[in-house]
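Right, one structure below, let's go through it.
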Amino acid sequence: MPELPEVETSRRGIEPWVAGQTILRAEVRNARLRWPVDEEIIALRDRRVLSVQRRAKYLLLELDQGWIIIHLGMSGRLRVLPQPQPPEKHDHVDLVISNGCVIRYTDPRRFGAWLWSDNLLTSRVLAHLGPEPLSDEFDGRWLYEKSRNKRTPIKPWLMDNKLVVGVGNIYASESLFVAGILPCRAANSLSEEDAALLAQSIKAVLLRSIEQGGTTLRDFLQSDGKPGYFVQELQVYGRAGEPCRACGTPIQAAKHGQRSTFFCPQCQH
Ligand SMILES: [Zn+2]
């Protein structure tokens, strides 16, 4: 599933191709995604792109009038085609750009979304989202204050979008390892020092992943079509039974709800 670093990588990948350009039209071959592709997108003609932004795991194309909100869902992918190419089976949406390129959306499982918004402030998918993890608003103080009366385990608590957006399963496990904190501890057991270290670790893990072009899981491809390279560097995620890279102790797995969590019983407390 594309996580925040992959979405940010996609944003950076398509931005130079579309910002300041005009979307001549959208070609929607299959509108049946997680929600039906909005009519305004299907009918789109000659709209200038002012900027390409990201909020949580949503890509936001700011047009001279209105916004396109894109979510990659479970298996969505955006690519830049320098010139048009015939679509294949899962290529559901194209944006035809005035400079001759095509932004192509491919999504085998069709859990992604293409939504229209006249005003982002009233967008139902963006309302109620917590702070961006890489913003100054998100820090140890924020985590500490929010954790005071939370007895839920830290790991699923971190993945709640109302606390902070974009900390998915992989990055929650990895950040807790870097911070040396056990994922099953109650959130309210965090000391101020723990909270500061955890916020710092989340930022560091996400930034490193963005720099490296996003984590590869299954079929994620970078915006230029090449696979990302972060997967080899995961410390704990998906490594149950393998030796901890820091101390050699076998990595353990646990379940929180439906989600697997990975940790080192020696390095994390
Ligand atoms: Zn260890």
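Positions of Cβ are set from backbone N, Cα and C atoms, glycine also.
Note: TrEMBL annotation is automatic and uncurated.
Not measured: the values here are computed from a predicted model.
As a summary of secondary structure, the domain 'Formamidopyrimidine-DNA glycosylase catalytic' (2-112) carries 19 helix, 48 strand, 44 coil according to DSSP. The domain 'Formamidopyrimidine-DNA glycosylase catalytic' annotation in TrEMBL covers 2-112.
The feature active site, schiff-base intermediate with DNA is assigned by TrEMBL to PRO2.
The annotation active site, proton donor is assigned in TrEMBL to GLU3 (among others).
The active site, proton donor feature in TrEMBL is assigned to LYS57 (among others). Using a 10 Å radius centred on the Cβ of LYS57 (active site, proton donor) and all shown protein chains, the other Cβ atoms total 21.
Residues annotated as DNA binding site in TrEMBL: HIS90, ARG109, LYS150. Taking Cβ-Cβ distances under 8 Å and a sequence gap of 6 or more within the same chain, the neighbours of ARG109 (DNA binding site) are GLY73, MET74, SER75.
On the 0 to 100 pLDDT scale, the domain 'FPG-type' (235-269) averages 96 in this prediction. If you look up TrEMBL, you'll see 235-269 marked as domain 'FPG-type'.
According to TrEMBL, the active site, proton donor annotation covers ARG259 (among others). DSSP assigns ARG259 (active site, proton donor) to a strand.
For the domain 'FPG-type' (235-269), same-chain residues at least 6 beyond its ends with a Cβ under 8 Å from one of its own Cβ atoms are 153, 155-156, 159, 169-170, 172-174, 176-178, 180-184. In terms of C-alpha distance, the listed recorded positions LYS57, HIS90, LYS150, ARG259 place LYS57 closest to GLU3 (active site, proton donor). Within the set HIS90, ARG109, LYS150 that the record links to DNA, no two Cα atoms are more than 42 Å apart, and one pair reaches that distance.
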